[in-house]
Amino acid sequence: MTSILNTVSSILASRVSSVDRVGARSLRNPVSVEFTCQRSAWSTLDSESSGRRFVVRAAETDTDKVKSQAPDKAPAAGGSSINQLLGIKGAAQETNKWKIRLQLTKPVTWPPLVWGVVCGAAASGNFHWTPEDVAKSILCMMMSGPCLTGYTQTINDWYDREIDAINEPYRPIPSGAISEQEVITQVWVLLLGGLGIAGVLDVWAGHTTPTLFYLALGGSLLSYIYSAPPLKLKQNGWVGNFALGASYISLPWWAGQALFGTLTPDVVVLTLLYSIAGLGIAIVNDFKSVEGDRAMGLQSLPVAFGTEAAKWICVSAIDVTQLSVAGYLLASGKPYYALALLALIIPQIVFQFKYFLKDPVKYDVKYQASAQPFLVLGIFVTALASSH
């Protein structure tokens, strides 16, 4: 009997030692550890050794269909705190709830919306550098950027939590850094804040029809059906990315122009055309999520057409759209604006070949940082042309 007990004790000690080693590795590298086997799985293995409790879970699945999570998906040890605040990859792991909340809103995505408001105000031809107009534009930027873009990014992360558990398991929601109730509260606060600001701006601008409120409400609905079932527009690469492009380019432009002037049919058509370029920008962010998108059945363009074809679809959408706008400006008797736009397209093409077409995943940040400023300047040139 003593011999049997000693044998059992030895086996248990061996397993505890093994779990200790796994726990130590997981503390150094914050990636969820998953053990997969053909027909059986451990559900929970606890060890109270040395006052610690380690839990190791694994799903029952088929090793031929699912690969174990690669450790290199984790952010580097001691990630950047700046990246964390901006909501981009390479972020440091954070426990401060307010910093995590800010990370969910992805401040790095606010500037295009803020810039869209600037373009709309410029296109109206009625913006003046008075304290009142500046205050109106800043409030409109807050509505478009921190509030409604923050709402969009938070709700997108919420509905993408299962995909992020595959692609980026260290993000705030799949990692458990923020609770479900906290996320839902944030969604409502940002949404109602944005809609409230829109209503205030309508009153301030003296609108008889609450144009800005309708735009904010429509944009919020578009953001919801983009991310949430049953429609979940992002499941279709074409429809989803065009909706995203329209949200980032057309809607803030319309808001800025409606605040200071009147929306005209030609401006609506022009901005929707620019949304095709926004489709290309949206595709850039799909390449890093191919594995998770494929696992969840999302037909992003890199999944549907393959990486190589999707790269060329992306750059074609961006470049052909801008060339078309330049042609429109030239045909409208605005040759100098057309030439200025052409001058801004050339460096974008250079950076596409230098970074994006070489490796859209490895160089995505470099490409967006180098090429997209020229794109947004081109949008501003088009807005100035529309005001004359």
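These residue numbers are counts, starting from 1, taken along the chain as shown.
Placement of Cβ uses the backbone N, Cα and C atoms for every residue, glycine included.
Just so you know, TrEMBL annotations are computer predictions that nobody has curated.
When TrEMBL is compared with the stretches 211-226, 307-322, the one noted as transmembrane segment is 211-226. Most Cβ pairs under 8 Å to the transmembrane segment (267-288), among the stretches 187-205, 238-255, 336-357, belong to 238-255.
Using a Cβ-Cβ cut-off under 8 Å and counting only residues 6 or more beyond its ends in the same chain, the transmembrane segment (336-357) has close neighbours at 284, 311-312, 314-315, 318-319, 322-323, 325-327, 329-330, 363-364, 366-367, 370-371, 374-375, 377-378, 381-382, 384-385.
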